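Asker: The structure's right below; bear with me while I get my questions together.
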Amino acid sequence: MAAAWQDVVRDAAAVREAAAVAGDAALLAGVLMRTGEQPNASDVVNYAPFTLLPSAVPRALFEQAYAVQQDFNLLVDAISQNKEFLRQTLASTIKVDDFTARLFRIYMQVLEEGLAQTVFLGINRSDYMFDCGLGGTAALRQIEINTIAASFGGLTSRTADVHRLVLKVLGKTEEASHLLPNNPAKGLALGIAKAWELYGSQRAVVMFLVEEVQRNIFDQRCVENELWNRNIRVLRKRFRDVFEQGSLDASRRLYMDGQEVAVVYYREGYVPQNYDQQNWEARLLLERSRAVKCPDIATQLAGTKKVQQELSRPGTLEQLLPGHPEAIARIRATFAGLYSLDEGEEGDRIAATAIADPERFVLKPQREGGGNNLYGEELRQVLEKIKDSPERTSYILMDKIKPQPSLNYLLRAHSPLQVSECISELGIFGVYVRQGQELVLNQAAGHLLRTKAIEHADGGVAAGVAVLDTPYLV
């Protein structure tokens with residue numbers, strides 16, 4: 001915790017007053033989620049969980065994370081265009097991971113047919129933690145890069161205003177003025193609008209592909225409203241709507257409800273539970289279309305954990321980004337130790353090391369959405385079970401990052417107010433648009449800080465573990 005908060009974090013009366021103000025401020029600012037009891041109704045809502053106080057973030061590491069985001073945009077785009085790299089990298093994984101295999105089959109089918117899509121839109125979020133190594137100096141370490149349905153760009157655009165008010169209530173007016181402006185919703189909408197414009201039809205619409213259960217609708221509405229403000233029409237549809245109503249014309253233009261779709265923005269489709277046979281057929285229809293997909297299926301595959309691990313091998317970045325030595329150096333400086341569990345001597349050795357010392361590592365499956373990683377004794381038990389099986393190739397191993405905990409209050413509706421030891425994760429949103437071979441937009445679009453109590457090893461805000469936060473640079 002920044003020294004600035006030490007005087008208030010133990011002051012029970014001041015904390016109670018600030019928390020009451022904070023809850024109302026969050027509702028007033030639109031930091032909202034639907035309730036678990038009524039996830040598809042907006043007539044009963046509550047504030048999304050958030051920290052009472054902004055969390056200290058080292059300024060140098062924050063600036064490093066922003067500085068490397070355009071490099072990561074470039075890298076993800078390069079991977080998505082490199083069929084041979086994806087084929088080789090995912091060869092072992094698709095033998096044992098059915099979800100990745102089905103995505104890969106659609107990818108190959110669409111390539112064989114010939115891409116109708118000519119404009120490509122990437123919205124990703126690169127997530128980091130601050131690793132306090134043996135020397136005590138914090139280092140920026142990438143956890144993962146999310147290339148599909150990267151969320152909370154909307155709600156985090158409104159969270160800093162709540163923290164500004166809380167600091168003022170606590171008599172920290174000077175500190176409140178130092179909180180950075182942050183509006184990822186606007187940056188994400190800018191990318192979608194640019195792709196819509198390059199698609200080239202004023203009458204065409206943007207389609208948000210959304211989940212059956214839509215607790216996090218207000219986060220999406222923030223981006224959606226930015227598009228309406230630009231007079232771009234938005235539809236919200238589910239996979240089953242696409243299956244029942246979607247169609248392609250002879251030029252593979254996509255139509256929904258009789259309206260041409262210029263951009264499909266996925267807020268769904270990143271985990272196996274999102275798919276039944278109809279949904280897989282709907283996904284194939286979308287991928288075959290001329291519409292700009294965010295992401296297209298190649299970009300979703302570029303975000304798999306197996307690709308992340310392969311990028312850490314010597315020479316891989318040089319192969320993917322020839323002529324960009326500075327970008328490669330900036331990217332590589334953020335990598336934690338990543339290890340393959342492919343069959344063979346190298347995989348055998350790293351599996352044995354992790355079984356002997358499970359606290360050193362995190363075991364990661366090829367999944368998005370939080371709450372999937374394995375730690376400690378659970379990691380050891382799973383690896384013991386699969387160490388001699390091809391199934392182990394559906395995972396990668398990563399060094400466990402050890403951040404410095406700090407004290408904060410995690411505000412959740414209907415939960416008691418209590419101080420927690422917490423750790424934070426910083427995400428930087430990136431947006432890029434490519435037309436043919438020309439990159440016409442490439443920028444960092446804002447940040448997201450999420451914080452959780454140290455007893456929770458894994459899980460984000462949507463998973464009910466982490467809460468929204470605002471960085472206070474130190």
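Using the three backbone atoms N, Cα and C, a Cβ is placed for every residue, glycine included.
Annotations for this protein, taken from TrEMBL, read as follows:
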BINDING   R125, 148-151, 214-216, Q220, 267-270, R450, 461-462  substrate binding site
BINDING   E144, N146, E368  Mg(2+) binding site
BINDING   E144, K305, 364-373, Y375, 398-401, E425, K452, D458  ATP binding site
DOMAIN    204-302  domain 'Glutathione synthase substrate-binding'
Asker: If I restrict to non-local contacts, at least six residues apart, and a C-beta distance under 8 angstroms, what lies near E144 (Mg(2+) binding site) in its own chain?
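Answerer: Set apart from E144 (Mg(2+) binding site) by at least 6 residues yet with Cβ under 8 Å, we have S126, D127, G303, K305, Q308, K364.
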Asker: Of the binding-site residues N146, P365, Y375, K400, which one sits closest to E268 (substrate binding site) when you measure Cα to Cα?
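Answerer: Result: the closest of the binding-site residues to E268 (substrate binding site) is N146.
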Asker: Kindly report the helix/strand/coil residue split of the domain 'Glutathione synthase substrate-binding' (204-302) according to DSSP, in that order.
Answerer: 41 helix, 25 strand, 33 coil
Asker: Counting every protein chain present, what is the number of Cβ atoms, excluding its own, within 10 Å of the Cβ of S151 (substrate binding site)?
Answerer: 20
Asker: Taking only the Cα atoms, work out how far S151 (substrate binding site) lies from E368 (Mg(2+) binding site), in Å, as a whole number.
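Answerer: Cα to Cα, S151 (substrate binding site) and E368 (Mg(2+) binding site) are separated by 11 Å.
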Asker: Please report the Cα separation of N146 (Mg(2+) binding site) and Q220 (substrate binding site) in Å, rounded to an integer.
Answerer: 16
Asker: List nothing but the one residue from R125, R215, K452 whose Cβ has the fewest other Cβ atoms within 10 Å; the candidates are the binding-site residues.
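Answerer: Ranked by other Cβ atoms within 10 Å, the binding-site residues R125, R215, K452 bottom out at R215.
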Asker: Between Y270, Y375, which of the binding-site residues has its C-beta surrounded by the fewest other C-beta atoms within 10 Å?
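Answerer: Comparing Cβ neighbour counts within 10 Å for the binding-site residues Y270, Y375 gives Y375.
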